[in-house]
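Listed features, source Swiss-Prot:
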- Ser152, Glu171, Trp180, Asp191, Ile192, Tyr197, Val239, Gln275: FAD binding site (BINDING)
- Arg440: site 'Transition state stabilizer' (SITE)
Amino acid sequence: MSAFNTTLPSLDYDDDTLREHLQGADIPTLLLTVAHLTGDLQILKPNWKPSIAMGVARSGMDLETEAQVREFCLQRLIDFRDSGQPAPGRPTSDQLHILGTWLMGPVIEPYLPLIAEEAVTAEEDLRAPRWHKDHVASGRDFKVVIIGAGESGMIAALRFKQAGVPFVIYEKGNDVGGTWRENTYPGCRVDINSFWYSFSFARGIWDDCFAPAPQVFAYMQAVAREHGLYEHIRFNTEVSDAHWDESTQRWQLLYRDSEGQTQVDSNVVVFAVGQLNRPMIPAIPGIETFKGPMFHSAQWDHDVDWSGKRVGVIGTGASATQFIPQLAQTAAELKVFARTTNWLLPTPDLHEKISDSCKWLLAHVPHYSLWYRVAMAMPQSVGFLEDVMVDVGYPPTELAVSARNDRLRQDISAWMEPQFADRPDLREVLIPDSPVGGKRIVRDNGTWISTLKRDNVSMIRQPIEVITPKGICCVDGTEHEFDLIVYGTGFHASKFLMPINVTGRDGVALHDVWKGDDARAYLGMTVPQFPNMFCMYGPNTGLVVYSTVIQFSEMTASYIVDAVRLLLEGGHQSMEVKTPVFESYNQRVDEGNALRAWGFSKVNSWYKNSKGRVTQNFPFTAVEFWQRTHSVEPTDYQLG
């Protein structure tokens, strides 16, 4: 990522240049762009309608028809250029309806108000607060503390800055970026297309379809610089305690930095500490006896050279499927220990670069970047939630939870099966015995299975009994000797806000309320007995089959900033979610999760806590979360 698209370009290029670069255009994006620029929505012919498969819009045309469409669009762009017309603004609601239903059909209609916030020009930010502290409570002393400067902390900070609310961020690391600063393992990259895994107000120019971690980290740094966030951040500062002081109606926070411990107070505290940042290393007997290097993928030791070494990897989650192919290229021997396996989501462009022509179109054709993002946002916002819904009359099993789920299973299996043609033994190992969506689906372009087919790679499904000084011993008595062991075993995802000690009214400890790993919150944000406390990316806000964490973070930040508006505008000191509201919401979430593949299946996954309750996932649609978080309902809260 080298810059931002921040201005609307002019189409000041000759015919040959346009023709050359249109050869690299995405057909659905090109048609949407030309229809918007010219105002002629009739060009969106039914026979040019794209196909939607697994959350992606593709042209679905043969090469001859694609060539005809490119030539047609070229002539329309030439006419637009020669007419001297200025580019229109963002699409109207009527235009968005026509363009959206052409792309997606009627399924998109409920989502259009949400999509409208994504369908903006590069200069616009429709989610910015429409109020300012100077206008609602100019003389009031008021401060917000945000804990964490990852993507969610950054968007919360920007919204408070836009609203004129004083704030400070305490970040335990030495820079912004959160997980993208911390995770440096080989092969680390996003599993959402780069243009969709980005803020709605900061349209980046990316080098890869699915950006490697260094690009995402650079993007986060660029956003922080562009919006003046660095000056509000205290780095290398770790908050250890947060206590609600009833007498002052403020939070008392204790943090440690290079100068020791300091106590500060704030009216509101926002926890933006993430979920996937505390590595989980299983308690395997003998773990301390291994004589070689041993580390978790999130704490990669770059001083260790695995070339020519015998390497053992425990776990096959999303991170492991990224770093294992890197290790396999030069390791002498690589053995992968896996309890369960993942369904793979076919993603041909997973490791592809953005073409020069695509970059040119994004930079030089008005609104092409808008529609390039929206053509992803529409199918991704809908996702395939319906494909993982349990149909109790089907009936659901560990193979499939509905007819739609079974079709998805068959589609993915049809993509995987040919890769096993020369290794039928791997089929028995790699085809999951759980429904699609039962655990996290992993993107792949064929690399994963081809890696496991290498002569120097093998997968071990025998349970591990003990780690020895020489390696790993399984329950069948086989000892596998290694020079290096890497854990790809995920994180303590269910232990929200750990290890920070948080106490609310009457000294109630939050982690006691949550019983360690059974976190619950209203809208994933707020909890009774903990006034003026909000979480970003909190309990049951995880997304696994649609949308992105960044889109949900933007929604969450909008809600939290609106809550602060309510406090300031009404002259209130505190707001605390009512217990019946909290309980009703969480009951519905639990019931919803029970009727999703991840709640029905018995397969082990990080979506669930130690008791089997789903603490991670939001089981409903993206548009429902948007509707619930668009503004605060005052009657949900006890205001004091």
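Even glycines carry a Cβ here, placed using N, Cα and C.
Shown here: features listed in Swiss-Prot, placed on the structure.
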| residue | record | CB count, 10 Å |
| --- | --- | --- |
| Ser152 | FAD binding site | 28 |
| Glu171 | FAD binding site | 25 |
| Trp180 | FAD binding site | 25 |
| Asp191 | FAD binding site | 17 |
| Ile192 | FAD binding site | 21 |
| Tyr197 | FAD binding site | 23 |
| Val239 | FAD binding site | 23 |
| Gln275 | FAD binding site | 24 |
| Arg440 | site 'Transition state stabilizer' | 20 |
Per DSSP, three-state class assigned to Val239 (FAD binding site): strand
Rounded to the nearest Å - Cα separation of Arg440 (site 'Transition state stabilizer') and Asp191 (FAD binding site): 11
Longest CA-CA distance among Ser152, Glu171, Trp180, Asp191, Ile192, Tyr197, Val239, Gln275, per record bound to FAD, angstrom: 31
